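Engineer: Once you've had a glance at the structure underneath, I'll fire off some questions.
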């Protein structure tokens, strides 16, 4: 009788031990069942079984406690790890930027052989002692990044040349009219692409690609804005936008003309720039004359009405 009861209890408590969310302790029940049956062999076997259940139930944690223990372990590991100082983070970023610039600058040597392509960047990485996969640091399209780097570098170099008071170009610039200053600035900027003129159409395609145009536009806007600034233009409102839009169109057309120019030292391109700048200044002057004429006429008309 007691044996049957204990067998059923054994099964029930085993299931309880495995499914419970807390530790299960069956010691109390075990003691109460065996108080008056110490001489029974069957009871002894059952007692051993309960001892096993008691050991199992008091040594195996449930799933929730495992998760809590793991979270506590992760928290302790995070506390032990030293936090990166802002200075260390800044140095890491600066080192990464320097590496990008070195790779891109070195890649320019391979443009004439491999074009504005990822292959040119790979060759540069290999020469520097890095595997070709290192170009991934530049982004998804290393060829585009190379073209964008070059035009940005050229814009910066132009600004430095025309802003340096000790530079010979600055001395020439100071003695020129606004029209001649614009011509000189455009010619200096166009001359910077001469070393890559045979491959420049590839760069233009990359920069004008619809997926890249958003990132490419600021470089062109910076170029024309710098030129008008160096010329001394102080226009505002609509004039500011009109002049920059016209100069962008002029420079782009000059680049396209230069691609097919076979004249000595691109003399035809420089003549093209001279003619287009003359037209640009005439257009701006004509626009200003029209505005002035309309203003005078309107003012005269209003004065007559008041009388």
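The backbone N, Cα and C atoms fix where each Cβ goes, glycine too.
Here the structure is a predicted model, which means the values were calculated and not measured.
In case it's useful when we look at the structure, here is the feature table from Swiss-Prot:
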type	residues	note
REGION	72-92	region 'Disordered'
COMPBIAS	76-92	compositional bias 'Low complexity'
BINDING	241, 242, 243, 244	1,2-diacylglycero-3-phosphoethanolamine binding site
Engineer: Indicate the candidate from 243, 244 with the smallest number of other Cβ atoms within 10 Å of its Cβ, considering only these binding-site residues.
Structural biologist: 244
Engineer: Applying a 10 Å Cβ distance cut-off over all chains shown, what neighbour count does residue 242 (1,2-diacylglycero-3-phosphoethanolamine binding site) have?
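Structural biologist: So the number of other Cβ atoms within 10 Å of residue 242 (1,2-diacylglycero-3-phosphoethanolamine binding site) is 14.
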Engineer: Taking only same-chain residues 6+ apart in sequence, whose CB is under 8 Å from that of residue 241 (1,2-diacylglycero-3-phosphoethanolamine binding site), what do you get?
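Structural biologist: In sequence order there is nothing to list, since no residue at least 6 apart has its Cβ under 8 Å from residue 241 (1,2-diacylglycero-3-phosphoethanolamine binding site).
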Engineer: Under a three-state reduction of DSSP output, how is residue 242 (1,2-diacylglycero-3-phosphoethanolamine binding site) classified: helix, strand, or coil?
Structural biologist: helix
Engineer: Within 8 Å of the Cβ centroid of the 1,2-diacylglycero-3-phosphoethanolamine site residues 241, 242, 243, 244, which other residues of the same chain have their Cβ?
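Structural biologist: My list of surrounding residues reads 235, 238, 239, 240, 245, 246, 247.
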